[in-house]
Amino acid sequence: MRSLAILTTLLAGHAFAYPKPAPQSVNRRDWPSINEFLSELAKVMPIGDTITAACDLISDGEDAAASLFGISETENDPCGDVTVLFARGTCDPGNVGVLVGPWFFDSLQTALGSRTLGVKGVPYPASVQDFLSGSVQNGINMANQIKSVLQSCPNTKLVLGGYSQGSMVVHNAASNLDAATMSKISAVVLFGDPYYGKPVANFDAAKTLVVCHDGDNICQGGDIILLPHLTYAEDADTAAAFVVPLVS
C-alpha cells in the first residue's frame with residue numbers, strides 16, 4: 001500500500017503539476033484503511049470553508065487519492081444482478097467521486113457474494129452553482145436515466161445512491177417519476193443529504209436509508225464543509241447491509 005503521507009505531500013500548497021498515474025483496478029485490500037484514508041484527508045481538505053471556496057481543493061484532493069490508491073472515480077458498468085445508479089457530490093471528480101461511492105460499491109459487492117454488481121455514475125456537472133440553485137435540471141436528467149436503465153435492464157435490482165448534492169439530485173429525480181416507476185426501485189441510499197428530513201418522493205420510506213452525521217452543516221441546509229461531511233466512507237458497510245435484504 002502506498003504511503004498516505006505521499007498524499008499530504010502532493011496536496012501541500014494546492015499544487016498538482018506532478019504526473020499522475022492512471023488509476024488501476026485493484027482490490028480494496030490495496031486501498032488504505034478507511035480510518036487512515038479519512039484521517040489523512042482531514043489534514044488537507046478545506047475544513048470550515050464554504051463549498052464555493054473549497055471546490056477546487058476537493059476535486060484535486062480526490063484526484064490525487066484516486067491516482068495514488070487506484071480508486072476509480074468513474075463507473076459505467078453494464079447492469080448486474082444488482083445495479084447502483086450513483087450521483088456524486090459537489091466538485092467530486094469523475095462520475096462517482098472518491099470519498100463515498102467507491103467504498104459503498106466495494107462493501108456492497110462483498111456483501112452480495114457471487115451476485116454481480118453493476119455501477120453507473122450519474123453524468124451531471126456537480127457544480128457549485130447547481131448545488132446553490134437546487135440541482136433541479138440534474139434531477140430531471142437522472143429521472144430519464146433511471147427510466148432508461150429500467151427499460152434496458154428489466155431484471156436488475158436497481159439501487160439509487162447519492163452523496164451531498166448527489167442526494168439532492170436523487171430527491172429531484174424521484175419527484176419527477178411516478179409511483180409506478182419508483183416501485184421498481186429496490187432501495188435508495190443517501191449520504192450527507194442536503195434535504196435531510198425530507199422523504200424521497202413516491203417511494204417507500206422503509207426502503208430508504210439516509211445517513212447524516214452529527215455536525216454535518218450540509219445536512220442542516222448549510223454550505224460549510226466540516227469534517228463530518230467528509231467521513232461517510234465509514235458508513236459503507238452499514239449501507240451495504242441495509243441494501244442486501246432489499247435486493248434478495
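Each Cβ is built from the backbone N, Cα and C atoms, and glycine gets one as well.
Within the set Cys79, Cys91, Swiss-Prot assigns Cys91 as the partner of Cys55, by disulphide bond. Of the recorded residues, Ser164 (active site, nucleophile) and Cys91 (disulfide bond) place their C-alpha atoms 10 Å from one another. In space, Asp216 is the closest of the recorded positions Cys55, Cys91, Cys153, Asp216, Cys219 to His229 (active site, proton donor/acceptor), judged by Cα positions. Distances between the Cα of Cys91 (disulfide bond) and those of the recorded positions Cys79, Cys153, Gln165, Asp216, Cys219 are shortest for Gln165. Asp216 (active site) sits 33 Å from Cys79 (disulfide bond), counting Cα to Cα.
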